[in-house]
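Copied over from TrEMBL, here are the features:
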REGION    B:1-27  region 'Disordered'
COMPBIAS  B:1-11  compositional bias 'Basic and acidic residues'
TRANSMEM  B:32-53  transmembrane segment
TRANSMEM  B:92-118  transmembrane segment
DOMAIN    B:92-308  domain 'ABC transmembrane type-1'
TRANSMEM  B:125-146  transmembrane segment
TRANSMEM  B:181-206  transmembrane segment
TRANSMEM  B:237-256  transmembrane segment
TRANSMEM  B:287-307  transmembrane segment
Amino acid sequence: MSASSNSNWSRRSLFRAAAGMAAAGTLAACGSNNGRGGGSSSGDHLVQYFHAYGEAGTEQAIKKYAKAYPKADVSTQWITGSDFESKLFATLLTANAPDLFEFHPQIQLVKSGQVADLSDIIDPVKSDFNQADIASHTVDGKIYGVRMIDDPQFFFYRKSMLEKAKVEVPQTLDELIEAAAKLTTGKVKGAFLGNDLHAVINPLIWSSGADTLTADNRPAFNTDGVAEGLTKMRKLFTSGSLLLGAPADYWDPSAINQGLCAIQFCGMWAMPAMQQALGDDLGVFPFPKAADAGKPSVYNGGWSMFVNAKGKNVDAAKEYVKWLWIEQKKYQEDWALSYGFHIPPRSSIAASATKLQSGLPAEGVKLFDQYGHFDNIGWTQAMITATENVFADCVRKNGDPKASLDTAEKTVSAELKKLFG
Amino acid sequence: MATTSRLDRTRPAPAEAATARPRRGRRSSPTLNFWLFTSPFLIGLVIFVYVPIGWSVWLSFFEARFTVTPDKFTGFANYRQMLDNGNFTGALLTFTVFAALIVPTTWALSLGLALLVNRMRFMRAFFRSVFFLPTACSYVAASLIWKMSLFNGVRFGLANTVIGWFGVDNIAWLADPDPPWYWLVLVTARLWLQSGFYMILFLAALQNIPQELYEAAEIDGAKRGWQTFRHITLPQLRATSTAVILLLLVAAYQAFDEFFNLLSKTTWGRPPLVELYYMALGQNQDYGAGSAGAVMLTLLICVVTLFQGRLMGFGRGEESR
């Protein structure tokens, strides 16, 4: 008897608790942060997406610029985590899509009508931009994004460690493998190329004398040279002289700063932090030649501002992009030089960037000019994934390079067919 | 005695009941009550579960790239594409094997913990909480701890420090797939996160086993330990075991968080859901093919759980209690 009354009681209380939870859930949904800021209905509200930059002060800087804009209330979503593109692509489909966002030029965004044509705001100052940056954002004569910063990626090395091990700066991938072996001691690994090596995929393709795509958008990476380069990468990966599984990935200077490795693949952005930790004990070199037909290469990455063409405030967003990334040169300079080092895509700003004109930064700029490869707008995320799978299968796993490259070529061709017919 | 007197009191009151009934009816009819209490759930269920499922099934027959409101009907093309996709079918196979291993392991571990905690003479509540606590931890947070401090590849990672004492070289647990150490990382994270919850279920079931059974067994000469466990405890836990195994199976096929966070840019160790995520969300934005995969995965989970239910007699009424 008592058992039955007990179960009655618990069922009722369960219902009550559940109903309460449902109500609470509804309320919570009402209060959820939709990123649009609160309050006043006057003026436009714009939302912008940024990936989380690692350098101190960057988030505050972006918010400071936004706050200084008089014509609209711009709120910033600072997206942490390593899959910015996934979050961005997923949100772009919803009603909460940002009005403007930073990303890399990728043609599928243009073809699907996702990004707005920004030619009218860029055209007046077109000649002041690095022409390679203009080219990488242009489809059929229209410019779809404003480059904010150019980020060359290359190797940093500890001069003292190379001297001590009597190692010259590597000129070829074979020499890099040897150097890494000689530099490896009980506590220090020879080199760090990132935990999953994806940052060196394009440099390896270029340094093997190939390219991602041809000028008329055909796959160009499936060559014997690249296969040879991949075989060498596998040798390096299994040599035991590569730092693997570091707590922070290649884009963070921790590994070289903490003395975990003698050579690290990283980007220009981390140079100030490295110089602070290591002083003058630091040099740079490009991704070395990987096959006979190749030459050293540097990936000139970077970030650009795009306007969501499917958003509700396209014009206001364009106005803001024009104001900040075309007109406000002070802020553009601040953004490129005050936190990490980035190369300003505007020639007029680059010319006055004294911080980049001497010492190690100047050497970085030289690598950018001499060996740099810019983004190819036809090289999209699906193709990037295809080459990442090549690295996974035949560098981290012991797959056959030629077979992996064939598979990737098939995927890339299918994508190209969808995009270009 | 007490029962009879209570019945007596209610019996001579038909007239009273007649006057009482309309008043109750005005305040709340059972039907109204039913809908009042269940409608929030039903509405939620319809909006957040049935509509998405239906939508997903609908999407799976369309070419839906960069849109969730497609107009190009393609029939079973997406299904064909997914079945041709070696990665997806490979993931289904891998995770059938994974389920076959992780389910019994988690089952055994949580049952073991429950038995230990149940035996405790003192500090039982403490140990119960300690083992249950990981359940409250987010999979993402746990993955980050596993990846960055326990199983990182550098010399000061916990795992590498420990094997270093025995003179073993550092291992890149997650970066290097040969030998596949990443399974050790994934399985330990999963066991740590999940066992506590199932331990609580077992603990509740253990405490429900009537003490008389053990006393009777002792009188009949059954030895404590294995014999009573095998012939009394285990059969008495049958319903709970079935439910736990069912939940574990579904969880194994739905594995996502720790795999997604621990393994980056790999072509191995990807559960079906991670495969679908990459296909449908991150990069290709191909919702048609993604939905086709999701439908197939759902069907597979249904088949496996139904089969398992058949095998172990889940929901067979009184007997399975």
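Yeah, the Cβs are placed from backbone N, Cα and C, and that goes for glycine too.
Scored on C-beta pairs under 8 angstroms, the neighbour of the transmembrane segment (B:92-118) with the top count among B:125-146, B:181-206, B:287-307 is B:181-206. Within the chain, the transmembrane segment (B:181-206) has long-range Cβ neighbours (under 8 A, six or more residues past its boundaries) at 102, 105-107, 109-111, 113-115, 117-118, 128, 131-135, 137, 139, 142-143, 146-147, 150-151, 171-174, 233, 236-237, 239-240, 243-244, 247-248, 251, 255, 258-259, 262-263, 268-269. Here the transmembrane segment (B:287-307) has long-range neighbours at 53, 56-65, 67-68, 70, 74, 78-79, 81-83, 88, 92, 96, 99, 246, 249-250, 253-254, 272-273, 275-276, 279-281, meaning same-chain residues at least 6 beyond its ends whose C-beta is under 8 angstroms from one of its own.
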